[in-house]
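> Questions regarding the structure given below will be posed in turn.
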C-alpha cells in the first residue's frame, strides 16, 4: 500500500518496503517569506512567484516520512463562571482616551471683500539708494530730459521682450520684434499673454523671441511705463507666507500692495520707468491687518499672516478649486 510522504517539498507516495536512505528529496528547513521574496531556510534560492516557490526542488536526500506533522497547538483560554464578563475584556480598553475633535477649518471668505493697502515699511538701504539716484525727489532736470525728443545712444527699446538699444538714426528704420501682451506668472509657469509659450525657467522666459513686429519705442513719452517681469518666489512658516519680488530701487510713493483675505494685487514701480504687476488668488486665508510689505534696495518682501496655522499646498488657489468655490458661492 502506497503511503503519502510528509517531508516538506516532497508530497509523493511511496512503498514502505522499497523506502531507502536517498529515496526522498526534500527541504529540511522552513518556508521564508520576506520583502516579497519566497524561499526555504535550508537553501539560498528565492523567487517572487508563489508557483515557482512551490516547485523549488528539495536540497536534501533522505527517507520518505509517512508521519503527519502535528497541528499547531492553539492557546487554551481558561474562564470560570464566577468571573464577570467585564473581567474577560482586554485590559487595553480600560486605557483608551478619546481623541480631541478636529478643529474646523475657517470658511473661505468671499473674494469680493474690500481691498486694503498693506503697510509699507521702507528700509534704510532703499532710502539711501533713492537719495543717491535722486529718484524720490522728482528732480525737474531729469523730467526735462525725459520729455525731450532727443534719443541718446545706448537707450533701450521700451517694447516688451525687445533687447535692442539705440545706435543712431539707422536704428529708427529697424524692425522691432517684441511682445505686444503682458507677462503672466501663474502656478510656476511664465509666459506672455500674446503668445502663451509657457516655461518654468525664468531665463528661458526672458529669452523668448517676440511674436509681433513693428517699430522700436525709444522714449518713455511714447511708451509710458514699461511693464516687465521680475523674478519672484515664496516660502512659508507655521504662521506666515512671504513673497519676495526681486526689483531694485522700488519707488514707495508709486507702488502699492493691496489685499483682502483671499486676494493679493501687487503693483511695483522700480528703477524709474519699470512696472511689475501680479494678481494672486491665495491658496489660504490671511489676516490683512497683520500683514505688511518691506521694501529694500534689492527686493520687496510681502509678509502675509495666516488666518489659521496650517501648511499651504501652494501659493495660488488652483483654477479648478477656485471654480468650485465660485459654484458653491452661487448656490448659496
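Glycine is treated like the rest: Cβ placed from N, Cα and C.
Swiss-Prot feature annotations, pasted as is:
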- 27, 42, 43, 59: Zn(2+) 2 binding site (BINDING)
- 157, 162, 176, 216: Zn(2+) 3 binding site (BINDING)
- 179, 194, 195, 211: Zn(2+) 4 binding site (BINDING)
- 5-64: domain 'CHORD 1' (DOMAIN)
- 157-216: domain 'CHORD 2' (DOMAIN)
- 227-316: domain 'CS' (DOMAIN)
- 2: N-acetylalanine (MOD_RES)
- 61-82: region 'Disordered' (REGION)
- 65-316: region 'Interaction with HSP90AA1 and HSP90AB1' (REGION)
> Going by a 10 angstroms cut-off between Cβ atoms, which of the recorded positions 2, 59, 211 has the sparsest surroundings?
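Taking 2, 59, 211 as the recorded positions, the minimal 10 Å Cβ count falls on 2.
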> Please state whether DSSP places residue 176 (Zn(2+) 3 binding site) in a helix, a strand or coil.
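Its secondary structure by DSSP: strand.
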> Long-range neighbours only, meaning 6 or more apart in sequence with Cβ under 8 Å: which ones does residue 157 (Zn(2+) 3 binding site) have?
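Residues satisfying the criterion: 163, 164, 165, 166, 176, 178, 216, 217, 218.
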> Show, in sequence order, which residues other than 179, 194, 195, 211 on the same chain lie with their Cβ within 8 Å of the centre of the Cβ atoms of the Zn(2+) 4 site.
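Leaving out the recorded residues gives 161, 180, 181, 192, 193, 196, 197, 210, 212.
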> Could you state the CA-to-CA distance between residue 27 (Zn(2+) 2 binding site) and residue 179 (Zn(2+) 4 binding site) to the nearest Å?
77
> For residue 195 (Zn(2+) 4 binding site), which residues of its chain lie six or more apart in sequence with Cβ-Cβ distance below 8 Å?
179, 181, 208, 211
> For residue 43 (Zn(2+) 2 binding site), identify the closest of the recorded positions 2, 162, 194, judging by Cα separation.
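Of all the candidates listed, 2 is nearest in space.
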> For the recorded Zn(2+) 2 site formed by 27, 42, 43, 59, which further same-chain residues have Cβ atoms within 8 Å of the site's Cβ center?
9, 28, 29, 40, 41, 56, 58, 60
> Hey, what's the Cβ neighbour count for residue 176 (Zn(2+) 3 binding site) at 10 Å?
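Its Cβ has 19 other Cβ atoms within 10 Å.
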